[in-house]
Amino acid sequence: MAGGFAVDGKTSAGCHREFKAKITWYVWICGIIAATCGLMFGYDIGISGGVTAMDDFLVRFFPAVYARKHRAKEDNYCKFDDQRLQLFTSSLYLAALVTSFGASLVCTRFGRKRTMQAASIFFLIGAGLCAGAINIVMLIIGRISLGIGVGFGNQAAPLFLSEIAPAHIRGALNILFQLNVTIGILVANVVNYYTSNIHPAGWRYSLGGAGVPAAVLFLGSLIITETPTSLVERGHREAGRTMLERIRGTKEVDDEFDEIKSACETAAALCAEEKPFRRLRRRESRPPLVIAIVMQIFQQFTGINAIMFYAPVLFQTMGFESNASLLSAVVTGGVNVISTLVSIILVDKIGRRKLLLEACVQMLIAQVTVGGIMWVQVKANNSPSHPWALAIVVLICVYVSSFAWSWGPLGWLIPSETFPLAIRTAGFSFAVSSNMFFTFVIAQAFLSMMCTMKAFIFFFFAICIVIMGVFVLTLLPETKGVPIDEMVDRVWRRHWFWKRYFSDADDAKISNC
Ligand SMILES: OC[C@H]1O[C@](O)(CO)[C@@H](O)[C@@H]1O
């Protein structure tokens, strides 16, 4: 496709010059295929809540929870509170957490494309084990294999997307990953809705469905390119140049190619001097590292996964019938997808900070109101009555929409675009593992928190959201439109707070531009 040429870049003296880049079909196709990693991840997020609400599944693996679910009304908020059941959901995230560090090395040594292929293979194995599980051990091993797939996929795909994108659409292209996460969650909810009526093996279809996106990724990865940066980084200069020409749709890529070469040379020299994980401990590595970790912690402390994992459980707790609760989850899933599209359209126009700040306000209002309604109901010792339960569903949609155009996608985008190449994969693995760790914490703790804190859980997340807003206002720099290999000079060294992590000599160089 012939988009107009767009320009970004700087001179070798550190001043800005122009890169030419068309928006080619090839870049979009590669982006869409790589983003299938997000589909695999999202499918898993969405499927576990619905499966754990299915009686056939509970009877087979968690009979005690089944018995409690069908007992008296009085332990409404606690009937799903079971550590082993929570481990079914969260084992995937623990496996992904551990894998992400190894995946960073694989990503550097073998490239982003091969790492994604590895992800798809672990995913196929995991889906098979879960679908065919005859006991809880097989089930958990399947979840662990899926988690290893997530660890590889989530490490490679966001980096891949940020590296192949021209700077002026990097946000949009990178958000394809999160868009796929949301589509995966939605598809999983729809699948659960139908399979919950298939007895006794509906849950097997739900869990086995994870194999579909894995197969798509595996086949797709046979036709996509490696990123020019990864090719040059691994010594394939010519191939890197050819690939850059292909994805930019022009032969005039000298300037951008020079920049990639110079980033790779610097990275190689630094790496020879000190390994990337060790370099991450240096003072000047701290700004992007802190931002990457904090973005992911905050993304999880919006409370999004309390909704995503347990929406069906939550809706059942509010008194919806089993099918109605899955349907409600489909509605929130749909809002999640559509709102992520909004982010694709806006992120490179209005920038990252404005989206994050607006969302903090919207999420805060929704959380406090939901908490208020539930609090009144808990005091009256009721499940919320139907009109109130409907109001809660609407408020949850308000909440999910703002998350979906802000903290959801930007939690991946910002860490993938702010590390210099020498520490990019190592640094990004901290973003992935922080996401997994805090997803695990929320998955493991939410049902117990709901059981003990009841409505106050929403106030807890509301307080987190206020802290996040202050953080964005004061410490998060804007990265819109800045070429990926220029973040240090154009973003970190110029930020009122983070510039203290760099030496004065470098600042003088910038002010000469
Ligand atoms: O769309 C919501 C989903 O997005 C994520 O935050 C990943 O970016 C998940 O943890 C969450 O379930």
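The backbone N, Cα and C atoms fix where each Cβ goes, glycine too.
Under the heading transmembrane segment, TrEMBL lists 25-43 (among others).
Summarising the annotation, TrEMBL assigns domain 'Major facilitator superfamily (MFS) profile' to 30-480.
Feature annotation from TrEMBL assigns transmembrane segment to 92-111 (among others).
The annotation transmembrane segment is assigned in TrEMBL to 118-138 (among others).
Residues or ranges marked as transmembrane segment by TrEMBL: 203-224 (among others). Remote same-chain partners of the transmembrane segment (203-224), defined as residues 6 or more beyond its termini with a Cβ less than 8 Å from a stretch Cβ, comprise 29-30, 33-34, 36-37, 39-40, 43-44, 47, 50-51, 54, 56-57, 113, 116-117, 119-121, 123-124, 126-128, 130-133, 142, 146, 149, 153, 184, 187-188, 191-192, 195.
Here TrEMBL flags 289-313 (among others) as transmembrane segment. With a cut-off of 8 Å between Cβ atoms, the residues of this chain six or more beyond the transmembrane segment (289-313) that come close are 45-46, 48-50, 52-53, 80, 89, 185, 189, 192, 280, 322, 325-326, 328-329, 332, 363, 367, 396, 399-400, 403, 407-408, 410-411, 414-415, 418-419, 423, 427-428, 430-432, 434-435, 438-439, 441-443, 446-447, 449-450, 457-458, 460-461, 464-465, 467-468, 471, 475-476.
Per TrEMBL, transmembrane segment is recorded for 325-348 (among others).
As annotated by TrEMBL, transmembrane segment applies to 388-414 (among others). If one looks beyond the transmembrane segment (388-414) by at least 6 residues along the same chain, the residues whose Cβ comes under 8 Å of a Cβ in the stretch are 154, 158, 162, 170-171, 174-175, 177-179, 181-182, 291-292, 295-296, 298-299, 302, 304, 307, 311, 315, 318-320, 328, 331-332, 335-340, 342-344, 346-347, 352, 355-356, 358-360, 362-363, 365-367, 369-370, 373-374, 377, 431, 435, 468, 476, 479.
The transmembrane segment annotation in TrEMBL covers 426-449 (among others).
Per TrEMBL, the feature transmembrane segment maps to 455-476 (among others).
Model confidence over the domain 'Major facilitator superfamily (MFS) profile' (30-480) stands at 90, taken as the mean pLDDT rounded to a whole number.
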